[in-house]
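Take a look at the structure set out below.
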Amino acid sequence: MSSLQFDIAHLLAGSLVLASFMMLYQDRLYALLNVYALHAGVLALSVAWQAYVQQAPHLYITALIALAFKAIIIPVALHRIIKRLGIHREIENVIGVGLTMMAGIGLVALSMVVMLRVTPGADALAREDLAFALSVVLLGLLIMVTRRNAVSQVVGFMSLENGLVLAATGAKGMPLVVEISVAFSVLIAFIVIGIFLFRIRERFDSVDVQALDRFRGERR
Amino acid sequence: MTLDALGAILLIPTISAALLAILPGYMLAARLNIAAALATFLTSLSLFVIEPTSGQYLLLDDLNKVFIVLTTFIGFTTSVFSASYIHHEIETGRLTPAFLRFYHAMYQMLMFAMNLALVANNIGLMWVAVEVATLTTVLMVGIYRTHEALEAAWKYFILGSVGIALALFGTILVYMAARPAVGEGLDGMVWTVLVKHAAQFDPALLNVAFVFLLLGYGTKVGLAPLHAWLPDAHAEGPTPISAVLSGLLLNVALYALLRFKMMLAVNSEAIAPGPLMVTMGLISVIFAALMLYRRRDIKRMFAYSSIEHMGIIVFAFGMGGPLANFAGLLHMAMHSLTKSAIFFAVGHIAQVKGTQKIADIGGLTTTNPVLGWGLMLGVIAIVGLPPLGIFMSEFLVVSSTFARAPWLTVILVLGIIIALGGLFLRVGVVMFGEPKGKTAPAEASYVPMFTHLGLVLMAGIYLPPVLVTGFQNVAKLLG
């Protein structure tokens, strides 16, 4: 592999981590969705580049799925859901942006240390990809725990899933069946989420998860 | 590919799920549900007679045979219980016929997903199956649409999804570790191939992979501190689903974990998964036992008891060795039977009394003697008193580990005793206190409950030699 190919792959995977960081501090839902669309777009590019580098045509399908579903359909659908729920003007208080960013940096450092240490045998591209993928996964988790709005939790979860796709494409020769079924399950999960968002709204007049907490089983 | 029994136990639930989704009339649907579950169970029994050959996607060995038969059997008995349960729900108007159509279709989908997870020879396929099982149960937990049910379903969805995502990351890492030895493509995910070559895998990568798998599938097993979804999901969903969750789905997740444990055991340089599992198991036992004391909701209380028992099982498998594995396997089967029987009883009790609050239920043995004593028998079994099956399996777990790790055994026994105290304290009020709540006679189906309890009692007194040799083979397989 030429060093240019490696550099571009590296750049794209790095951009994905960067996009995750951008999601950490968005306090408007629309802005968060736009960054998520960007996140998925970068993922599609990254997967397509891997397809080219590894000469694995089936990865183009994965890239296409990422582009179609995650960068276009899901963000558009979420836009409409937000509008119908009437929460598009809401501003979410992201808890301690500075602290969250510091935690994010810590998580990225952690995943670099862990992944690079345990994969000395693997080829350089796969190593870097895995490290970046783990960072995206952990940042997705961080987004989920710092948010209180159900929609932003979902977006955090979707970004986490993007990290998994990055890891799967980095692993050379991963069977396509797996990727397609993963994509499918994400889609189903998304439909489930959609249903639930409406039900939660219908019951609680809000999609703030704190409203849910009050109804926890034994607090009455 | 010709259709063999392995294909059939996947095909029957799929077809009936499709049928149930379009079939109007819940009475007919409930019967079809029972018939489908029975057909699946009988097909799974045929696995003992004619053994289908394992392929690249499906696998059959001694280990999953036990799991399959247990799953399809409890799937069948629960469908019988479910028929009388939903009849009552329709009458009280908690569920509408439209919801029931969805409920029955999802029930068969869940059966399909669990069977697929058990027979999958491909670690990717297994992951997909566990994911599908998670999503279907999420939908079922939220089916009542109450505040609590939605809260529980949302929590289950978020925590379950994160867990399952971590498990996928672990699965990918296993593939990465296997690639140099096995080569690219499908082979790198076929479990039988992986086990054959596991000795040559990169141990460091395998270690990290197992940590992710343990966290991921461990969430689904309900191990503390990853258990937060479990009590809510059990308490707020329909009771047949609580029975299936506790009795089966937790086992399926555990099965996934065991498969990877077997893989790691082949590689001598990788970490031993045992100590990790022992630690998490013990934490779960102690934690859940202490949590039992402050429960106010009867279904929640038994959910915590499930955490405790999964802890004991994981502890036993973590200790390893033929005897402890045997004990773990037996305990798993006994727990599944007993816990689902308890949920059958609790489901009817909650319907009769119109509440799940322990404070509002009292004097069951006088108002509804059959249900009351049935539950009492279940509780006696679940806390591990002789002569029932759980006493035997717990005794085996304790005695097989005592020689090797006396201190761990002391902690385990302490947990079991604390749990016994907690359960009896709460259940005593429900059973023998002042009669409270409605006293209408129950329209219950007692057969599934007493069948399970009868089996547990029988296992406690006499284990058929066929079963013993079968379990011994599996225990050897587990290492």
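Cβ atoms here come from the backbone N, Cα and C positions, even for glycine.
As given in TrEMBL:
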TRANSMEM  A:6-25  transmembrane segment
TRANSMEM  A:32-52  transmembrane segment
TRANSMEM  A:58-82  transmembrane segment
TRANSMEM  A:94-118  transmembrane segment
TRANSMEM  A:130-147  transmembrane segment
TRANSMEM  A:154-171  transmembrane segment
TRANSMEM  A:177-198  transmembrane segment
For the transmembrane segment (A:32-52), give me same-chain residues lying six or more residues beyond its boundaries with a C-beta closer than 8 angstroms to one of its C-beta atoms, as numbers and ranges. 8-9, 12-13, 15-16, 19-20, 22-23, 26, 58-60, 62-64, 66-67, 70-72, 74-75, 78-79, 82, 129, 152, 155, 158-159, 162, 165-166, 169-170
Residue numbers, six or more beyond the limits of the transmembrane segment (A:154-171), whose CB comes under 8 Å of its CB atoms: 13, 16, 20, 23, 32-33, 36, 39-40, 43, 46-47, 50-51, 59, 62, 66, 70, 74, 78, 125-126, 129-130, 132-137, 139-144, 147, 178-179, 182, 186, 190, 193, 197
Sequence-distant residues near the transmembrane segment (A:94-118) by C-beta distance (under 8 Å, 6 or more away from its ends) are 17, 20-21, 24-27, 127, 130-131, 134-135, 137-139, 142, 146-147
